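Structure first, commentary second.
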Amino acid sequence: MACLSRIFLILMITMSSSSPPFCSGGSRKELRDKEITSKSDDTQASYVLGSKFVDPTRVLQLSWLPRVFLYRGFLSEEECDHLISLRKETTEVYSVDADGKTQLDPVVAGIEEKVSAWTFLPGENGGSIKVRSYTSEKSGKKLDYFGEEPSSVLHESLLATVVLYLSNTTQGGELLFPNSEMKPKNSCLEGGNILRPVKGNAILFFTRLLNASLDGKSTHLRCPVVKGELLVATKLIYAKKQARIEESGECSDEDENCGRWAKLGECKKNPVYMIGSPDYYGTCRKSCNAC
């Protein structure tokens, strides 16, 4: 009887070892499928948002007075093309969701995170990314990246500027710092400017010294675009947090008297309080039609 029991036990062990491990195999297959799905999701996220990591080997310090830095290949080809597809002349690049609210485009959000990582400045201190196009300009003008003529008013809280090149140009469009220590490229007539527009490159320059005082050497100008088209995105970074109500789609007044004040002309008489400034979020933006 003991012999039969021993034989039965041997048969059971043999059958167990020869049977295909359905559960084990299924688990491995399920795990493998999860890994493939995870990799696919990571690839998709990487394509949508782009790389948020900063590669210090691509960064060159071009000047200390003022502080000017060049990042080669800051944006990918896809990111440049995406910004171009979203652009509206002199306006922020946003998208609108199903509810009609204005939201920051995911690719733009990724770019802004990378800008913050590169500059070591909080993202909340930055203004919206703006995209502009320049073609066939008069060579006698001194231009900048914030309009047709160089701005004569410097925001008191402006700390730094990031210029993102979205295209190459056949001729022109270089960025110059006439008062900087960079030599000798101080003229649009000189060739070989390292700050010439190259698609994907980014330039960071500070308008303040390390002690927070204004850097007079940060005065800059842009060479006119003689041939081709220049597409460029700019982002201003301030010393203080910037209110960007557009992200939530809200537009409201903070005082019940705003409507009456607006009718009395206070929007023009007292624009800082009513509409706002880089340092102050306006109290009556809705009544002043500022949003």
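The backbone N, Cα and C atoms fix where each Cβ goes, and this holds for glycine too.
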Cys267 - recorded disulfide partner, Swiss-Prot, among Cys188, Cys223, Cys288, Cys291: Cys288
Listed residues Asn168, Asn211, with the one flagged N-linked glycosylation site by Swiss-Prot: Asn211
Disulphide bridge to Cys251 as given by Swiss-Prot, partner from Cys23, Cys80, Cys188, Cys291: Cys291
Which range of 4-20, 55-71, 157-173, 191-207 is transmembrane segment in Swiss-Prot? It is 157-173
With the disulphide bonds as Swiss-Prot has them, who is the partner of Cys258, out of Cys223, Cys284? Cys284
When DSSP states are grouped into helix, strand and coil, how many residues of the domain 'ShKT' (251-291) land in each? 14 helix, 4 strand, 23 coil
Nearest recorded site to Cys267 (disulfide bond) by CA-CA distance, among recorded positions Asn211, Cys251, Cys258, Cys291: Cys258
Rounded to the nearest Å - Cα separation of Cys284 (disulfide bond) and Cys251 (disulfide bond): 9
Which one is it, among the disulfide-bonded residues Cys251, Cys258, Cys288, Cys291, that lies nearest to His220 (Fe cation binding site) by Cα separation? Cys291
Beyond the flanks of the transmembrane segment (157-173) by 6 or more, those residues with Cβ under 8 Å of it: 74-75, 80-81, 83-84, 111, 115, 119, 121, 125, 129, 131, 134, 137, 145, 188, 196-208, 222-240, 278-279
